Amino acid sequence: MTSSTTTAVPGLLLAGGLARRMGGGDKPMRVIAGRTLLAHVITRLAPQCEPLVLNANGDPARFAAYGLTVVPDDVPGFAGPLAGILAGLDWVASHRPAAQRMISVAADCPFLPRDLVARLTAACMAEDTDLALAASGGHTHPVIGLWPVRLREDLRHALVSEDIRKVTRFTARYKVATVTWPVVPRDPFFNANTAEDLAEAERLAAMEDRDA
């Protein structure tokens, strides 16, 4: 169940990448601690958002077991995470018209903070910003953020007419709140890009289970 401060915030799981560093395929379907990365992300985010929507390209049937609506990119040619964010914003505008904002996360981040939505929402409101992005360890994570639905036409123009692909090139146009999380005992935004990262995620998950 979501709290009263986050009930109206839909969540978008970005799984539209090509996973080149892992030899292709669906990176969020890789397994750690007996469950897929995607399952870990859903466990973390579902109590904070409603509904959850998955951005992925190709046959949506491969995600049927998760019971999520799957929205593909509308911009052709694997245009990157901005295309997935636009697909999510378009879905929210059509299916949750009362929602003013949407949270986006990478679907390969199994240790997302349980206060992600609450803190990003609070920062956006307190600082009166257009966007709020997560940060840790001195790095901003541009695909993990809170996006106003009203920016979707600006984003569409940036993608289609300006050929902008880098998330930070787009967000630099707006006032952004950056919210930082500690990296101890582990970075909550750790993501698995390589086989070595998967092994590290296994180790971190085992530590978390032991300390729970």
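Placement of Cβ uses the backbone N, Cα and C atoms for every residue, glycine included.
Here the Cβ of Asp108 (GTP binding site) has 28 other Cβ atoms within 10 Å, regardless of which shown protein chain they belong to. Residues or ranges marked as GTP binding site in Swiss-Prot: Leu14, Ala15, Gly16, Lys27, Asn55, Asp73, Asp108.
DSSP assigns Asp108 (GTP binding site) to coil, not to a helix or a strand. Residues or ranges marked as Mg(2+) binding site by Swiss-Prot: Asp108.
The record assigns Leu14, Ala15, Gly16, Lys27, Asn55, Asp73, Asp108 to the GTP binding site, and the maximum Cα to Cα distance across that set is 18 Å. DSSP classifies Leu14 (GTP binding site) as strand under the three-state reduction.
Under the three-state DSSP scheme, Lys27 (GTP binding site) falls in the helix class. Around Asn55 (GTP binding site), taking its Cβ as the centre, 25 other Cβ atoms fall within 10 Å, counting all chains.
DSSP assigns Asn55 (GTP binding site) to a strand.
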